[in-house]
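**Q** Before I ask anything, here is the structure I am working with.
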Amino acid sequence: MNIFRLSGDLLHLASIFILIARLHQTKSCAGISLKTQYLYLLVFATRYLDLFLGFVSVYNTLMKIFFLASSGYIVYLMYSPLKASYDKSLDSFRVEYIIAFAAVVALAFPHKYSVVEVLWSFSIYLESLAIIPQLFQMTRTGEADNITSHYVFALGGYRALYMLNWFYRYYTEDNYVDYISWIAGIVQTALYGDFFYIYITRVLKGKSFKLPV
């Protein structure tokens, strides 16, 4: 554990709390991609199978349980009590392509050839692309409320901090190499590039999040 990973974990937690608070306060899931939330639930379900295989630490176990439970809760909120506010026509990205791509790459380039490791690799590749439906929906509407933009920024910031964590570990830990996480993390952070620019130049200055026309 180092300051970059800890900060990344805290920002990841913050993103989920922001989203849940937003759903409860507004009683609406308008502007939120249910498909992205489905993908994150799939990410955690396939990544944290090791919960049943061994114990690392209390912190590690609690974080995994929280991410699984909170992702399931968000999907439940959007699929059931808030379903009437969900606009399926705007959340139209074909996620089957993302899932298929992640599955093929995981089978071709896994961490190791075992069921658990292939599924772990799949979760890493899938997470790098899971935000695409949310970003795609935002480009279709051309805007987002500020709470939603805070949520997306926190998600992107968490991945950027994890990249710093990997750099730190590379220079401080002998023989530390994790090409799968590195490549996926770079791709994921790059996807946020335009969003980060608009967020910094507009939302942080008190303006609403709007894409340039």
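Cβ atoms are placed via backbone N, Cα and C, with glycine included.
Note that TrEMBL annotation is computational and uncurated.
Not measured: the values here are computed from a predicted model.
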**Q** Quick one: sort out which of 47-64, 119-136 is the transmembrane segment according to TrEMBL.
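**A** It is 119-136 that TrEMBL annotates as transmembrane segment.
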**Q** Applying the under-8 angstroms CB criterion, which one of 94-113, 119-136, 179-200 scores highest with the transmembrane segment (148-167)?
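**A** Comparing 94-113, 119-136, 179-200: 179-200 has the most Cβ pairs near the transmembrane segment (148-167).
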